[in-house]
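K.L.:
Take a look at the following structure, please.
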Amino acid sequence: MKNIKVITGVIATLGIFSALLLVTGILFYSAVSSDRLNFQNASALSYQQQELGGSFQTLIETRVTINRVAIRMLKNQRDPASLDAMNTLLTNAGASLNEAEKHFNNYVNSEAIAGKDPALDAQAEASFKQMYDVLQQSIHYLKADNYAAYGNLDAQKAQDDMEQVYDQWLSQNAQLIKLASDQNQSSFTQMQWTLGIILLIVLIVLAFIWLGLQRVLLRPLQRIMAHIQTIADGDLTHEIEAEGRSEMGQLAAGLKTMQQSLIRTVSAVRDNADSIYTGAGEISAGSSDLSSRTEQQASALEETAASMEQLTATVRQNTDNARQATGLAKTASETARKGGRVVDNVVSTMNDIAESSEKIVDITSVIDGIAFQTNILALNAAVEAARAGEQGRGFAVVAGEVRTLASRSAQAAKEIKVLIENSVSRIDTGSTQVREAGETMKEIVNAVTRVTDIMGEIASASDEQSKGIEQVAQAVSEMDSVTQQNASLVEESAAAAAALEDQANELRQAVAAFRIQKQPRREASPTTLSKGLTPQPAAEQANWESF
């Protein structure tokens with residue numbers, strides 16, 4: 001039994017049930033076919049009875065209508081209203097007669113039914129035709145106002161014959177319906193016995209199938225379910241026995257293989273969970289340390305950014321002062337240039353004065369020469385006056401006066417010459433000094449120009465320095481922002497590392513729920529922090545100072 005496969009038992013069971021189902025289907029089809037035939041016959045008999053009865057009933061109603069017309073004719077009702085009523089009744093009688101003929105034709109054209117007496121059908125047709133002809137002639141005679149001919153017709157005999165035949169036909173029809181009902185009852189009883197026998201066979205087969213399922217499927221499946229529940233409880237120490245080549249044996253073998261794989265997986269997961277837990281703890285510690293140092297770096301960057309802002313303000317102020325100094329230097333240079341031009345004008349004027357003084361000296365020399373010659377002439381005149389005696393005394397007086405004037409003129413000319421020479425000497429000295437002052441002013445102008453250029457270069461350099469410091473400040477601000485973001489990321493990383501540590505701990509606890517055979521446990525190798533996460537305060541401080 002252990003080597004019997006479930007699929008073989010299922011196929012055998014399906015074959016048995018298919019055979020039983022086939023037999024049941026054949027019997028059921030036979031019973032249904034018989035019932036269907038009986039039902040068709042009963043339906044056809046009912047239809048024929050309805051149509052034949054309808055035709056006979058319509059004929060009787062038609063005769064009643066005709067009798068009403070005949071009664072009115074007997075009463076000699078000849079007024080127009082009565083005549084109209086009789087004509088209407090005769091018309092209705094004709095329509096009823098046509099309807100009766102229609103019902104009878106439906107009966108004649110209906111499906112033939114086995115077991116019926118053809119002679120009885122012929123009698124029914126003859127009685128109908130007889131009654132139909134009598135009623136048709138009655139309508140004709142009454143319309144022709146031939147009451148005598150109408151009275152000679154024996155409608156009652158025709159109706160009696162028709163009713164007699166109809167009663168016989170109804171009796172035959174009832175027998176056929178009863179026969180069909182009896183056949184249906186017999187078929188039903190036979191089907192009941194057949195179904196009972198088949199049900200008994202099915203119960204016996206089900207009992208054998210149940211016993212087979214107990215041994216082949218249910219008991220092995222219960223043992224497998226017990227092993228599965230044991231595995232679900234975390235106990236992997238129970239060994240699973242796999243026997244036979246059936247599906248349950250294959251399932252047990254697969255479950256045993258799964259248990260061995262699960263044992264290896266749980267062992268590996270347990271060891272790796274320990275390693276992950278250790279590494280996660282170290283990562284969490286490193287992330288916390290990195291977060292702290294990142295916060296310190298962010299604080300230092302904030303202070304640096306503040307210092308850079310102050311330095312930027314100072315350099316900007318120096319730039320403004322340098323620009324103002326450049327403007328003042330330009331003003332001083334322009335003033336020095338103007339002073340140089342004034343000194344040049346003074347030098348030119350002093351040169352002109354020197355030239356005029358030299359001309360005055362020349363004129364004084366001429367005056368001195370004239371005075372000398374006048375003195376000589378006065379001396380000669382005095383000599384001549386002395387020679388003249390009394391006559392030349394007045395001339396001598398004049399000559400003496402002239403001589404005195406000439407002497408005074410010569411003396412004055414000498415004094416003027418001395419003064420002019422002193423003036424010329426001083427003018428020369430002043431011209432030299434003014435010339436030297438002009439050279440000095442030129443040197444001052446050149447120096448002020450150089451100072452102006454240097455101040456311009458200083459202002460330009462200060463401006464460039466201010467821009468550079470602003471860029472550095474912006475870079476420091478961006479670094480501060482990035483450091484803040486890094487600090488947030490490091491905090492998130494630390495939180496993730498802590499969460500990983502918690503999850504690793506939960507994984508260890510989850511794996512600890514499994515019980516396996518004692519095996520040599522592999523020690524969890526602690527993971528070392530990478531150099532990027534190793535704290536290096538000295539290096540960081542040195543780099544920060546360099547920055």
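From the backbone N, Cα and C atoms, a Cβ is placed for every residue, glycine too.
Not measured: the values here are computed from a predicted model.
What Swiss-Prot records for 1-5, 214-547 is topological domain 'Cytoplasmic'. According to Swiss-Prot, the feature transmembrane segment maps to 6-29, 190-213. Here Swiss-Prot flags 30-189 as topological domain 'Periplasmic', drawing on sequence analysis. What Swiss-Prot lists as domain 'HAMP' is 215-267, and the listing cites sequence analysis. Annotated domain 'Methyl-accepting transducer' per Swiss-Prot: 272-501, in sequence order, evidence recorded as sequence analysis. The glutamate methyl ester (Gln) annotation in Swiss-Prot covers GLN296, GLN310 and is backed by similarity to another entry. Sequence annotations record features per position, and here Swiss-Prot assigns region 'Disordered' to 317-336, 518-547.
Map the listed features onto the structure and describe their local environment.
P.N.:
Mean pLDDT for the topological domain 'Cytoplasmic' (214-547) in this predicted model: 72.
Break the domain 'HAMP' (215-267) down by DSSP state and the numbers are 39 helix, 1 strand, 13 coil.
The Cβ of GLN296 (glutamate methyl ester (Gln)) lies under 8 Å from the Cβ of no residue that is in the same chain and 6 or more residues away along the sequence.
Spatially close to GLN310 (glutamate methyl ester (Gln)) yet at least six residues away along the chain is no residue at all, judged by Cβ distances under 8 angstroms.
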K.L.:
Per DSSP, what is the residue count of the region 'Disordered' (317-336) in each of helix, strand and coil?
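P.N.:
The region 'Disordered' (317-336) comes out at 20 helix, 0 strand, 0 coil.
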